[in-house]
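**Student:** Take a look at the following structure, please.
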Amino acid sequence: MKNELSRIEYIRELIKDCRYDEALDALELAQEKEPDNWELFYEFARLQFELGDYASAVANYEQLVEHHKSAIVYYNLGEAYECNNQLDKAIGAYLKAIVANEKFPFAYKKLGMLFMARNDMESAKEYFNDYLKLDIAKDEKESVEKVLKRIEK
């Protein structure tokens with residue numbers, strides 16, 4: 001068994017420890033050596049998001065979804081769009097997350113919240129109700145049920 005971490009595991013540990021400058025340096029070096037490693041794109045986008053560089057995070061997630069279409073990548077892209085105040089694109093990304101995995105609960109909740117913020121209560125209710133049908137924590141379920149009751153008043 002190896003004691004040393006793989007390059008990607010090492011980068012993830014740096015990010016986890018909030019050693020962002022070291023993580024950026026390691027990511028840049030790793031991408032030079034492995035330009036087609038999509039895990040590196042994912043970690044780079046995740047780090048850019050953590051640092052508040054939402055435009056760069058969007059660019060990396062957009063590049064990533066061309067090659068790796070998964071619910072989590074679309075969801076993270078949606079969050080980056082949302083933080084970059086591109087709400088229509090965020091909604092589109094969350095919808096694609098659901099297409100990629102219809103049991104991915106977080107996208108349903110985000111859609112409910114975005115539609116509620118837009119005062120589209122019918123769409124908000126639809127996505128919150130879909131969210132409640134999924135496997136979510138009891139306290140989370142109770143919280144969303146309270147939101148639905150407020151919407152229905």
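Here the Cβ of each residue, glycine as well, is placed from N, Cα and C on the backbone.
Note that TrEMBL annotation is computational and uncurated.
According to TrEMBL, the feature repeat 'TPR' maps to 71-104, 105-138.
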**Student:** List, by number or range, the same-chain residues at least 6 past the repeat 'TPR' (105-138) whose CB is under 8 A from its CB atoms?
**Tutor:** 71, 74-75, 78-79, 82, 87, 90-91, 94-95, 97-98, 144-145, 147-148, 151-152
**Student:** Helix, strand, coil: count each for the residues of the repeat 'TPR' (105-138), based on DSSP.
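**Tutor:** Per DSSP, the residues of the repeat 'TPR' (105-138) fall into 26 helix, 0 strand, 8 coil.
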**Student:** Averaging the per-residue pLDDT over the repeat 'TPR' (71-104), what integer do you get?
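**Tutor:** Looking only at the repeat 'TPR' (71-104), pLDDT averages out to 97.
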**Student:** How does the repeat 'TPR' (71-104) divide up by DSSP, counting helix, then strand, then coil residues?
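**Tutor:** Per-class counts: 27 helix, 0 strand, 7 coil.
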